[in-house]
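Pulled from Swiss-Prot, these are the features on record:
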BINDING   H46, S63, Y141, V142, N143, S162, H256, P257, E258, T273  iminosuccinate binding site
BINDING   C110, C230, C320  [4Fe-4S] cluster binding site
Amino acid sequence: MSILEKVQPIETMLPERYYTMSTEDMEKRVREIKEKMGETLFIPGHHYQKDEVVQFSDAAGDSLQLAQVAASNKEAKYIVFCGVHFMAETADMLTTDEQVVILPDMRAGCSMADMADIEQTERAWKELTKLFGDTMIPLTYVNSTAAIKAFCGRNGGATVTSSNAKQMVSWAFTQKERLVFLPDQHLGRNTAYDLGIPLDKMAVWDPHTDSLEYDGDIEEIQVILWKGHCSVHQNFTVKNIENVRKNHPDMNIIVHPECCYEVVAASDYAGSTKYIIDMIESAPSGSKWAIGTEMNLVNRIIQQHPDKEIVSLNPFMCPCLTMNRIDLPHLLWALETIERGEEINVISVDKQVTEEAVLALNRMLERV
């Protein structure tokens, strides 16, 4: 068991009966429990979740929106978080001690968040301090563990989302000369470049070799990027863009900034999940779009805008596998367990970690 979590030892695997229930019966039971529990139950759902789950969300949004919703909700006793592990951790840290945060399936993790563990990060900070002294401030994408957020908090740094990355990177440079950006190198690189920092003033820290990779003068380095990435957005390529340009020259290409620099540079637009949703929403009827982000969201956008021609930038994309672990059976299981007065898959972050991580989260939330 992780030192950051205290999971109730009741039943950790989905009981067999949920595999045999019909969709109609499961949906009926979820509605019954939601109605019965009223405001004591709150279900936030990330945009990348399946439709079968999102339909029951009390709030749907990207990571920033859900962080803000979690921080403002004081009424619900139970928060059943339909997202991935780091999001549930964030919800637990921003809510009161009396509120219980539950993740329907504990296997719903994030490969990007796992690419930066606290031991690697502490070691990297020590080595980088030897090179650059007290000139660095850490920023972490919210797609990171509570321990990494806490590291940033106690070292004067903050969290960022894809919605506010430019704002937070700009703030970071008012604090220190250099920025260490974890764990997604692509969001960090794309954001810094948009703010006018050339690529040769960026370096990449490889946590597996404990080495700094750079092309320019080491004294000129302003941004140190952690060598991590999103496994979903890594699958969008310049070749995908070339194919769209060739076969559909009048199609707009919009991607998430977790895509690599080359893909973002070759696209027409790049922005957060909310940015993509809003852009398509406001686009004229008949417009054509190729979207480079998670497939559940792309399919939902397609369904919501039948008046527009919308495709995935990569025709062979699949949904985020860890997000997809949260499904209707796991949601119902979590709710029925609460109904019986029991608790499963409780996310409870260590108190000291919470205090330090909240410093980083609040430095972000007070600026957005």
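Positions of Cβ are set from backbone N, Cα and C atoms, glycine also.
Recorded features from Swiss-Prot, shown on the structure.
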| residue | record | contacts (Cβ under 8 Å, 6+ apart) |
| --- | --- | --- |
| H46 | iminosuccinate binding site | A60, G61, D62, S63, L66, C82, G83, V84, M87, M323 |
| C110 | [4Fe-4S] cluster binding site | V84, H85, F86, N143, T322 |
| Y141 | iminosuccinate binding site | M112, T159, V160, T161, S162, A165, F181, L182, P183, D184, L187, G188 |
| C230 | [4Fe-4S] cluster binding site | S111, M112, N143, D184, H186, E258 |
| H256 | iminosuccinate binding site | S162, H233, A270, G271, S272, T273, I276, G292, T293 |
| C320 | [4Fe-4S] cluster binding site | Y48, S231, V232, E294, M295, N296 |
- request: Please state whether DSSP places Y141 (iminosuccinate binding site) in a helix, a strand or coil.
  value: strand
Task: Across all the protein chains here, work out how many other Cβ atoms are within 10 Å of the Cβ of E258 (iminosuccinate binding site).
output: 29
- line: CB neighbours within 10 A of N143 (iminosuccinate binding site), counting all protein chains shown, number 27
Statement: Those same-chain residues, other than C110, C230, C320, found with Cβ within 8 Å of the centroid of the [4Fe-4S] cluster-site Cβ atoms are Y48, V84, S111, M112, N143, S231, V232, H233, E294, T322, M323
